[in-house]
Amino acid sequence: MASDPEQHTLSSLGKVGKSSGEIGGVEEPLINGLHGSENYSVLAAIFPFLFPALGGLLYGYDIGSTSCATISIESATLSGISWYNLSSVEIGLITSGSLYGALIGSVLAFNVADFLGRRRELIAASLLYLVGALITALAPDLPIMIIGRFVFGIGIGLAMHAAPMYIAETAPSRIRGRLISLKEFFIVLGMVGGYGIGSLLVDVVAGWRYMYAASTPLSVIMGIGMCWLPASPRWLLLRAIQGKGNLRELRETAINCLCRLRGPAFGGSAPEQVDEILDELSYVGEEKEATLGELFQGKCKKALIISAGLVLFQQITGQPSVLYYAASILQSAGFSAASDATRVSILLGLLKLIMTGVAVLVVDRLGRRPLLLGGVTGMVISLFLLGSYYLFLDDAPVLAVVALLLYVGCYQLSFGPIGWLMISEIFPLRLRGRGLSIAVLVNFGANALVTFAFSPLKALLGAGILFYAFGAIAVASLIFIFFVVPETKGLTLEEIEAKCL
């Protein structure tokens, strides 16, 4: 790419308003679905999804590889280090270091996302992935290793914030749901890859170093790819109508970016599409500068309730806890592979991969609400079955296996991909960066809380009561989805703001 398309935002040579004659002179917005043709080249649409999705792949890889790396690093003969005799707290810092880094990354995104833009934020994430992986892999002692895990985690926070925004803002409306859901597929694919590479290296001396170093090539590819991709046209147009750059230059840059994103099939309709977006942005009030207070008012308050509720229920309906019991459930049913935690993880990872693939294929046909309602209903049934197994039916391990597989499959049809999809769609554009950072912060915070509280709650209540409690929370999430979460299938991002909020 000859020049950085985001550099134009640094100029302040013109102001933008509804009366500007350069917007195109259209008085009525095209909010009723009459927006221009969204023809696109499939090949051109792949790359704006692929490189941001590598951020999700690296997140998933970190989860899978770390589960194997902790086994390697604690081995007296295979760790290749003198400080292998680690306490449970130290192992906890290794495994959760990236999670706490992700929390910090989410906080950072709140302040820098709209200034940097989605593309630059993803470039920063790729650099943090690279630096964090190298520090971790080459760490001479535990403190340096934890610093590396923390740096990698900041990259996770930025990537999981910017990737769904970039994909949502650049994807054609007809396949937006499919592409954002496919990002969840990449997360699961990364997990399976992490488990697989970890199982191959777990018996190698200092294998944990190679496990973490293996993510560096993908970090480089992600960074180079994001440098090559154009900026989000909607982000550029938001800067334009808010008077943060020269209108004519930003409009032309947005047109060029849109042509690159949609390919030759888009033809000469890019200027018309850009003008329609500008008109719709002006109609829904995006020309006003965003303030912190607006996050908790009006449309953004409703979007914040929807997104925070979805990602909160995504975590507190027991997803980390159910997987914790996977090995023991399969072992009780007589599966020989259950004696090997890595193989069990690969088995469940493959199931997650298949079911996420199903969600990707049907989300733009069936819609978001049917998948959420159907999938969470299956989760409710599976959680009550698991609770009953641990309280009354311990002589029926096959029932527990069925419940486990049902839970994993239904989660990947619903909360897994649809949660990330909807939080990227639902916020007004000028508040999307900040709103999404709060949603991502809630996601990682709830994940950390559930992970931390699981063991004491299990000791206090027992597994059966705990799964019943998760089932009751899942029922509450069904009520929330039915009454609060709208359907966004087939709508442009501007139509979602106008019609659903």
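Start at 1 and count along the chain as shown; that gives each residue its number.
In case you wondered, yes, glycine gets a Cβ from its N, Cα and C as well.
Unlike curated entries, TrEMBL annotations are predicted automatically.
Look at TrEMBL and you will find 48-489 tagged as domain 'Major facilitator superfamily (MFS) profile'.
Annotation source TrEMBL lists transmembrane segment at 40-61 (among others). Counting residues 6+ beyond its ends, the transmembrane segment (40-61) has Cβ neighbours under 8 Å at 122, 125-126, 129, 155-156, 159-160, 162-163, 166-167, 170-172, 175, 179, 182-184, 186-194, 197, 214-215, 218-219, 221-222, 225-226, 228-229, 260-266 in the same chain.
The transmembrane segment annotation in TrEMBL covers 91-110 (among others).
Annotation comment: TrEMBL describes 122-140 (among others) as transmembrane segment. Residues 51-52, 54-55, 58, 98, 101, 105, 116, 147-156, 158-159, 162-163, 166, 209-210, 212-213, 215-216, 218-220, 222-223, 226-227 of the same chain, all 6+ positions outside the transmembrane segment (122-140), place their C-beta atoms under 8 angstroms from a C-beta of that stretch.
TrEMBL lists 146-168 (among others) with the feature transmembrane segment.
Taken from TrEMBL, the feature transmembrane segment applies to 180-198 (among others).
The transmembrane segment feature in TrEMBL is assigned to 210-229 (among others). For the transmembrane segment (210-229), the list of distant contacts is 1, 47-48, 50-52, 54-55, 57-58, 61-62, 65, 68-69, 72, 119, 122-123, 125-127, 129-130, 133-134, 136-137, 148, 194, 197-198, 201, 204: same-chain residues at least six beyond its ends, Cβ to Cβ under 8 Å.
Listed by sequence, the residues of this chain that lie at least six past the ends of the transmembrane segment (344-363) yet keep a Cβ under 8 A from its Cβ atoms are 64, 67, 177-178, 181-182, 184-185, 188-189, 191-192, 195-196, 199, 323, 326-327, 330, 337-338, 371, 405, 408-414, 416-418, 421, 489. Per TrEMBL, the feature transmembrane segment maps to 344-363 (among others).
According to TrEMBL, the transmembrane segment annotation covers 370-392 (among others). Beyond its flanks by at least six residues, the transmembrane segment (370-392) meets 317-318, 322, 325, 359, 362-363, 399-400, 402-404, 406-407, 409-415, 418, 462-468, 470-471, 474-475, 477-478, 481-482, 485 of its own chain at Cβ-Cβ distances under 8 Å.
Per TrEMBL, transmembrane segment is recorded for 398-423 (among others).
Residues annotated as transmembrane segment in TrEMBL: 435-454 (among others).
Within its own chain, the transmembrane segment (460-485) is flanked in space by residues 305-306, 309-310, 313, 316-318, 321-322, 325, 368-369, 372-373, 376-377, 379-380, 383-384, 386-392, 422, which lie at least six positions past its ends and keep a Cβ under 8 Å from the stretch. Here TrEMBL flags 460-485 (among others) as transmembrane segment.
Across the candidate stretches 91-110, 146-168, 180-198, the maximum count of CB pairs under 8 A to the transmembrane segment (435-454) is reached by 91-110. Over the domain 'Major facilitator superfamily (MFS) profile' (48-489), the average per-residue pLDDT in this prediction is 86.
Listed as Cβ neighbours of the transmembrane segment (180-198) (distance under 8 Å, sequence separation of 6 or more from its ends, same chain) are residues 49, 52-54, 56-69, 72, 163-164, 167-168, 171, 211, 214, 342, 345-346, 349-350, 352-353, 356-357, 359-360, 363, 412, 416-418, 420-421, 424-425.
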